[in-house]
Amino acid sequence: MSILLVTSSPRGAASHSTRIATEFAEKLLAADPSNTLVVRDLVANPLPHIDADYATGIYTPVEARTPRQAEVVGVSDVVLDELFAADTVILATGFINFNISSTLKSWVDHIARSGRSFAYGENGPKGLVTGKKVYIVLASGGIYSEGAAVQFDHAIPYLRGVLGFLGMTDVDVIRIEGVGMGPDAVTAALAKATAKVDAVVASQQAAAAA
């Protein structure tokens, strides 16, 4: 199994989402030595935001692209190749102003590309990125999975929507909630997330042994 880990929190290694997602990937690797891992660290190596050269370059024949168009479209090609090569995708993000990080949004902009990850046909758009299992690891200061605050969670609906549009409909969410509500809340949130990670790993081990 090929695993793609995408981390995006501006807090880097100190981030709860990065920590849990990284531990998740490492446990999957340990569970099966044949598994492989590719890490896309969007903090250490941020992707450029799409611009006019990208917008025109993706519709320009390769041989006719300007050097700048070739550069920015080349970035998109690299992250798309990483995505298509993966069987399992782990996306880690903090909950920033009720949504995903801007670094992760830039990654989404590079993978959501007409002609490569989706195509328009007689019946409308069709996602071309299929057969993937996606896990979203989301850390938030408050609790947004239930109660009145649910209305402020634009991160998970957005990611489910855009990933589904591209063909990735098998999506699970691992939340690390309430980390801004005191040390005890942090401990509880991390324990709950770790338990879910361990359950997923155990399930995959059982399936492989069956």
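Heads up, the Cβ atoms here are built off N, Cα and C, so glycines get one too.
Straight from Swiss-Prot, the features:
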type    : residues                  : note
BINDING : Ser9, Ser15, His16, Ser17 : FMN binding site
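Using a 10 Å Cβ-Cβ cutoff, Ser15 (FMN binding site) registers 24 neighbours. Take the CB of His16 (FMN binding site) and look out to 10 A: across all protein chains shown you find 22 other CB atoms. Neighbours of the FMN site: apart from Ser9, Ser15, His16, Ser17, residues of the same chain with C-beta atoms within 8 angstroms of the site's C-beta centroid are Thr7, Arg11, Ala14, Thr18, Arg19, Ile20, Ala21, Ala92, Thr93, Gly94, Val137, Ala139, Ile176.
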